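K.L.:
Quick paste of what TrEMBL says about this protein:
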- His175: active site, proton acceptor (ACT_SITE)
- Gly7, Ala8, Gly9, Asn10, Val11, Gly12, Asp32, Asn95, Val118, Ser119, Asn120: NAD(+) binding site (BINDING)
- Arg82, Arg88, Asn120, Arg151: substrate binding site (BINDING)
- 1-142: domain 'Lactate/malate dehydrogenase N-terminal' (DOMAIN)
- 147-301: domain 'Lactate/malate dehydrogenase C-terminal' (DOMAIN)
Amino acid sequence: MKVTVVGAGNVGATCADILAYREVVNEVVLVDIKEGMAEGKALDIWQKAPIDMYDTRTVGVTADYSRTANSDVVVITSGLPRKPGMSRDDLIETNAGIVKSVTEQVVAHSPNAIIIVVSNPLDVMTYQAHITSKLPRTKVIGMAGILDTARYRAFLAEALNVSPKDIQAMLLGGHGDTMVPLPRYTTVGGIPVTELIDADKLNAIIERTKVGGGELVKLMGTSAWYAPGSAAAQMVEAIVRDQKRVVPVCIKLEGEYGIDNCYLGVPVVLGKNGVEKVIELQLDEKEMSDLRTSRDHVMEVMNVLDKINNK
Ligand SMILES: NC(=O)C1=CN([C@@H]2O[C@H](COP(=O)(O)OP(=O)(O)OC[C@H]3O[C@@H](n4cnc5c(N)ncnc54)[C@H](O)[C@@H]3O)[C@@H](O)[C@H]2O)C=CC1
Ligand SMILES: O=C([O-])CC(=O)C(=O)O
């Protein structure tokens with residue numbers, strides 16, 4: 001199995017490192033546009049192999065897509081990260097062009113690959129990759145929900161002083177401040193979270209989760225990479241090992257949740273064919289209305305992308 005990671009920056013290199021370290025595939029190809037960057041990071045990861053005892057080959061190339069040919073999965077992380085004071089949507093103009101040209105080259109060399117988009121604004125960059133690739137919606141998906149639920153689970157684990165391993169959670173919607181964490185679908189060792197934490201504390205955690213990316217941007221001056229790289233690697237692993245993981249993933253909705261033609265995070269079954277099933281949860285009125293608010297926001301940004309593409 002072969003995986004390409006486009007963008008050898010913070011998120012891309014972290015993802016490649018985890019894929020190698022865990023021997024998820026035989027070969028990881030890192031691609032970047034910056035001369036020598038991907039080659040250097042791939043070599044560094046390969047030199048770690050004798051220490052950490054793995055044999056996944058890591059190869060780096062500068063914009064040479066012939067080396068990515070016949071990849072099973074391609075992760076697209078190329079693009080600008082935001083700086084303090086910016087929203088993810090502020091990245092659209094630059095990143096739309098990058099994701100479009102990268103997707104064209106990826107598909108030309110790996111027509112059967114499953115594409116995982118990471119670049120921001122996530123839901124709309126997934127839209128960009130999907131329309132550019134012309135692949136089925138089940139094969140062009142975005143990474144956000146695994147990261148957002150991980151933040152939510154980590155905050156809960158801290159507040160409850162329990163292991164993050166025992167916290168299960170689901171979350172819907174766009175990868176932005178309108179995301180919809182679902183306390184009704186959150187459990188701690190099988191126990192509904194609402195039995196273990198009072199409503200005010202839970203609400204504070206939900207609000208912190210929604211701006212979890214921004215919290216890190218403020219601290220570091222650029223956006224996060226350890227958890228995002230790991231979340232993307234988990235999606236790759238689910239696909240190449242055909243694990244049928246049930247995780248939130250961004251995909252084009254075609255009538256699910258009463259929503260059509262919008263790219264949003266929803267629970268899916270993730271396996272060798274990409275998204276093998278979209279799971280429709282029974283939502284109450286408030287959850288449904290929050291999801292519609294999130295949809296409206298993503299649709300607005302999708303319209304901005306349409307204008308950029310029609311210029
Ligand atoms: N979906 C999510 O949950 C998350 C998304 N992100 C997004 O991921 C993207 C990458 O973030 P970082 O790795 O921190 O940024 P970074 O700046 O460290 O890395 C980006 C890399 O992309 C490369 N690049 C730019 N244009 C390219 C092209 N045409 N072809 C190949 N490579 C190209 C750059 O040279 C750079 O090395 C950003 O858009 C960021 O907002 C980051 C974290 C989480
Ligand atoms: O916040 C950002 O810009 C990067 C990102 O999407 C995240 O870490 O959730």
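Each residue, glycine too, has its Cβ placed from N, Cα and C.
Those TrEMBL annotations? Automatic predictions, nothing curated.
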K.L.:
Determine how many residues of the domain 'Lactate/malate dehydrogenase N-terminal' (1-142) DSSP places in helix, in strand and in coil.
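P.N.:
Going through the domain 'Lactate/malate dehydrogenase N-terminal' (1-142) residue by residue, I get 69 helix, 28 strand, 45 coil.
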K.L.:
Could you measure the widest C-alpha to C-alpha distance across Arg82, Arg88, Asn120, Arg151, the residues recorded as binding substrate, and give it to a whole number of angstrom?
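P.N.:
Largest pairwise Cα separation, rounded: 19 Å.
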K.L.:
Quick one: among the binding-site residues Gly7, Gly9, which has the most Cβ atoms sitting within 10 Å of its own Cβ?
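P.N.:
Comparing the binding-site residues Gly7, Gly9, the most crowded Cβ belongs to Gly7.
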K.L.:
Under 8 Å between C-beta atoms and at least six apart in sequence, can you list the same-chain neighbours of Val118 (NAD(+) binding site), or say none if there are none?
P.N.:
Gly7, Val11, Gly12, Cys15, Val75, Ile76, Thr77, Gly142, Met143, Pro228, Ala232
K.L.:
Quick check: in three-state DSSP terms, what is Arg151 (substrate binding site)?
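P.N.:
Where Arg151 (substrate binding site) sits, the three-state DSSP reduction gives helix.
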K.L.:
If I take the Cα of Gly9 (NAD(+) binding site) as reference, which of the recorded positions Arg82, Arg88, Arg151, His175 has the closest Cα?
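P.N.:
Closest by Cα: Arg82.
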K.L.:
Do you know which of the binding-site residues Val11, Asn120, Arg151 end up with C-beta under 6 Å from ligand 1?
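P.N.:
List returned for ligand 1: Val11, Asn120.
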K.L.:
For a Cβ distance below 6 Å to any atom of ligand 2, name the binding-site residues from Val11, Asp32, Arg82, Arg88, Val118, Asn120 that qualify, or say none.
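P.N.:
Correct list: Arg82, Arg88, Asn120.
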K.L.:
Under a criterion of Cβ-Cβ distance under 8 Å and sequence separation of at least 6, what residues of the same chain contact Arg82 (substrate binding site)?
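P.N.:
Listed in sequence order, they are Arg88, Asp90, Leu91, Asn120, Val217, Thr222, Ser223.
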K.L.:
At the Cα level, what's the spacing in Å between the residue listed as 'active site, proton acceptor' and Asp32 (NAD(+) binding site), rounded?
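P.N.:
Answer for this pair: 24 Å between alpha carbons.
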